[in-house]
C-alpha cells in the first residue's frame, strides 16, 4: 500500500516537512488519538501539544488531512488543505468534519428522509467546501415513478448530478462509477438511516461497513456510523464516512449559499435598491418572482432562513459586526421613539 493510493498528490508533496519527519494521512479520529497511514505503516498517533496549544479547533487534524508525523508517532503539523467540510454547532463554533476530498456525496433516501430544505442546506456546505457536490438518492426500489422527485430536484439543485440507486440490486451504480474520477476521495453526508453504510458496501463490492435496517413504523434508520473514518476501496476510491447529521448549522461564508441559490441571487441583481432585504421594499425583483410564480415560496423562505443563520454566526464570531448590528437597532429604536412622540394625537 502506498500513500499515493490514499490521494497523496503533488499538491501535498510540494509542501515541505522536516527531513526527520514523514508524510501521513489521517484515516480516523478518536477522542485522544488519530489513526495515521504513512508510506510504510498505519498506527495511532497523538498531537505534539506544544505545536497545537494556541491554535483553533479547525487547525486540528481531521479525517482526510495530510500531516507531518514524527518517528515517535506524534503529529507535528497539518498540511495545507484543498477542500474542507465543517459545520457550526449551537454555540456558533466551527467544527471540522473532513478534509481533502474531491466529491461531496449528499445521500438521501426516497422515503420520509427526502427533504428539499435539508438538501439545500447540504448543497450550501458542499459548494462551500470547494468540492464537487453529487446527490445520491437511495432506496430507489421503493418508488415506482421517479418523475416527481426529479422535478423537485430541478427546482433546488439544477445542474448538480443526481443518481438513483438501489443498494440491494446495485441498480444505478454503473453510471455513478463511470462518472467518478479514479482514485478520488469522496465524503458522504446525510442523515442516519439513509443507507450510507450500505451504499459504501455496494460501492466497495463487499461488506465493508456494519449496517442496520430501518424501523417499519417511521422509515427511520438505526445509527451505525459512530465516528468519522476513511476507507480505501479495492477499486481505488477513498471514502470518508461521517455520522448521520439530520440538523447542522451552516457557516458564514456566502459562496456556498450564492451557488446553491444562484437563481435567487440572479433575481436579486434586478432589485431597485442594492441593499434590498427582499421582504418589503418596492421594486424587489425577488418578490415579483414570487408573485408571478417564477420562484417558489419554499425555496425563497429557505434562502432567507440560511441568510439569517449565516448573518447570526458571522456576528457571533465578529465583535465588529455584532457592534454594527447593535448600533443599527439603536437607530431603529430611536427613530421609532421620535415617531411616537411627534405623531399627531387623536
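Heads up, the Cβ atoms here are built off N, Cα and C, so glycines get one too.
Small disclaimer: the values here were computed from a predicted structure and weren't measured.
According to Swiss-Prot, the features are:
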BINDING   138, 139, 140, 141, 190, 191, 192, 193, 194, 195, 196, 197, 198  GTP binding site
BINDING   271, 276, 278, 284  Zn(2+) binding site
DOMAIN    93-248  domain 'CP-type G'
For residue 190 (GTP binding site), the one of 271, 276, 278, 284 that lies nearest, given that the binding-site residues are compared by Cα: 278
Shortest C-alpha distance to residue 140 (GTP binding site) - which of the binding-site residues 271, 276, 278, 284: 278
Entry from the binding-site residues list 196, 278 having the most other CB atoms no farther than 10 A: 196
Densest Cβ neighbourhood among 276, 284 (binding-site residues), 10 Å radius: 284
Cα separation, residue 278 (Zn(2+) binding site) to residue 138 (GTP binding site) (Å, whole number): 36
Nearest-integer angstrom distance between the alpha carbons (Cα) of residue 278 (Zn(2+) binding site) and residue 196 (GTP binding site): 38
Residue 140 (GTP binding site), number of other Cβ atoms within 10 Å: 18
